[in-house]
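Remarks on the structure that follows.
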Amino acid sequence: MTKKQENETSKELGMDNKKTSGKSGKLKISVSAIRKGEKKTEGKRSNTRRRANNHSNDHSKRRRPAAQDLLKDLKQKQRADEARLDQESKAAKQEYKKSLNKAEASESKPVVKKVESVEKPAETAAEAPKVRGPKILKPSPARLKQNQANSEKPAAKPSSSRRPSSRPSFTEAPMPENKEGRRRKSGKPGRKGQNSYADQGRGANSNRSEQRKRKNKKHQSAPQVKKQVTQRKDRPLPESFEYEVGMNAQDLGKILHREPAEIVKKLFMLGIMINQNLSLDKDTIELLAADYGIEAVEKVHEDISDIDNIFAQEMEESKNSENQVVRPPVVTIMGHVDHGKTTLLDRLRHTRVSEHEAGGITQNIGAYQVRINDRLITFLDTPGHAAFSSMRARGAEITDIVVLIVAADDGVMPQTIEAIDHAKSAGVPIIVAINKMDRPGANPAHVTEQLMQYELIPENYGGSTIFVNISAKTGMGIDELLENIILEADMLELKADPKQKAIGTVVEARLSRGKGPVADVLIQQGTLRVGDPIVVGDTFGRVRTMTNDKGHQVKKATPSMPVEITGLNDVPESADKLVVFADEKTARAVGEARAQQSLQKQRENVQHVTLDNLFDTMKRESMKSVDIVLKADVQGSAEALAQSFQKIDVEGVRVNIIHSGVGAINESDVTLASASNALIIGFNVRPTATAKSQAAQEGVDIRLYSIIYKAIDDVKAAMQGMLEPTYEEKVIGNLTVRETWKVSKIGTIAGAFVDNGYVTRESGIRVIRDGVVKYDGKVASLRRFKDDVKEVKAGFDCGLTIENFNDIKEGDELEAYEMQEVKPS
């Protein structure tokens, strides 16, 4: 074997110098010496590094002043030691090469025994686990041939189970043994924590890596048992299921007892591409249910914020309740203004309410209960003025019977017709009371004929409408009217369930300084108690106090009973529905949700400028407007005033209601009016002391009214005052030119005679020649003889000049005129 082959063989097999005979013993000694030198060198290096690190760490902890100098000296000493050890290592390598050459020269054919490694049975690729570690090289063809040749010889004792190192062969000398025959770790004996491969330059974690390797080998040898995954048993499909729009495959999988992947696959087969988290629409869910052969029912959520729906459900439930009892009828008195509605109510209640009303007219809805013998009747008094149309409509909606008051001496009037229409639209029976029969000019037959034109036919004429002649002032016919009201109520069979949750309707609402938001409510079903959590329109709260129509506080309100309640967070609107909830938390959530919905509707109602309404918008913006901050005592009056102001028709001017509310005029109202240059109108309210002084300082005009038509007239006058003044030409005199003079620096002077009327120094003048207007201008100067005069009347001569005109001739006619302002109608 050549030297080159021997070197290759020794590198591949890792020479076992223990079994080499002859001079190879010297080779073993020299290799061991080299290894000892290297270990010693490596140990010194590691000790030097350790000492340097420990010294550096201790020095940094103690913060000695000369730490940097000591560290520098240690580094220099370490570099010197490393250089010396490198020289010793090179010398040892050279000595080893020389001894190897001598051994080859002395023996013509060195005996090299193959060291066979203990090979484990081959594992299949499927069984062999993946272990992180060094890459194992595939043996070369030369090594395979050598393995076959040596397999015939007796096997040598394996040196190690470690894989051959790729380092030079001189490092493959056997490890030194201790007295017990065990291999001891490299490095200094007795030192703990030294790496077993420190001489090969491995890191501090090599022990851990070796432990992992041994562990992995154990796992390789042990048979691997795969864990069996428990298969999910498919439960049977339900016959039907409830779904919500927006559910995904995971949600449906839980309901249908199927994997989401199966849902996705089935929809894919149906031509619908989805993933597990995609929200599904109604059609997709129903298509999936049809494919499975089951029924899909959409789940309907009840909107608790829809109190109108709750109100209707409660009313329907009360009709089928077993706890129904007879309730008092609700009677609304309607008619034209000054026909005696409130006077009739005063007669029934034995009060004098009409004497205390401003202007003698009712301007809000009043609710009262009157006991007739052993029966209670609830009366609603509605305004008769044209401005209170919405109030009359609300009164007709919550009533059971309408008593239509018509004055016998006045007959059917516009508000009478309107009241008839409201009652018919609400489907409420009408009882006609022809009032003021004590007047000399009373003519009930004429009134009956008028009402028959509106399909109100009396019973004696074959109709079904009850007619009663009364006098609210003297009390004539009042008992007959009450008997007919009770008879009509018995025919209607009015009942209610007092044990259910209360529902009602707001008759009026206002803001009281001492009580806060106050609402007059008519209870229609159930019983309202103090402390009940309620929602009223867009407001919510808990009933704090309840006061009846006589001013007494009560603990509960039964059906058909009008009460004044407090405890709301804001002033509700008239005709808002009242609903009682189980707890205050739910009531608050519903009230806040409704307030948010109302705000959203207001935003949606804002009209945006488009090409279609651009012209109307420009026209509206070019119009002048009267800005008003409106405050009233009750919500119904504020609503009626706002509607009346909007109906005022003055060409070129419109009313802009900046803010409308209830309660006293406060500082915020004055600040708002000052910022927007608006007028404050108060109806049955007064400004606070601070608001009054602030308005005086900022020059804000506050107008206070107690009669609605006076407020309407003043606003109309203000609108007319904002119009540009219009002028009309008026001829005031005629003159004839008798003589002319031309004067330098002055021009032509006309001597004229005033035929009729008069001429002034500020009047306009026209020069007419042969029936044609030659010039239209102004009088420049007017004199009589040598005196300047302001006016010359008919029958007198005068001299005058015309501005910028000198072509005046004898015989010309002069026409004097002036522009007069025309007041808007």
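Cβ atoms here come from the backbone N, Cα and C positions, even for glycine.
According to Swiss-Prot, the feature region 'G4' maps to residues 435-438, out of the candidate ranges 435-438, 635-638, 787-790.
The feature region 'G3', as given by Swiss-Prot for the ranges 281-284, 381-384, 513-516, 601-604, sits at 381-384. Neighbour count (other Cβ atoms within 10 Å of the Cβ, all protein chains): 19 for Met437 (GTP binding site). The compositional bias 'Basic and acidic residues' (70-98): residue composition by secondary structure is 29 helix, 0 strand, 0 coil, according to DSSP.
Residues in the region 'G4' (435-438) partition by DSSP class (helix H, G, I; strand E, B; coil) as 0 helix, 1 strand, 3 coil.
When the binding-site residues Asp338, Lys341 are compared by the number of other CB atoms within 10 angstroms of each CB, Asp338 has the fewest.
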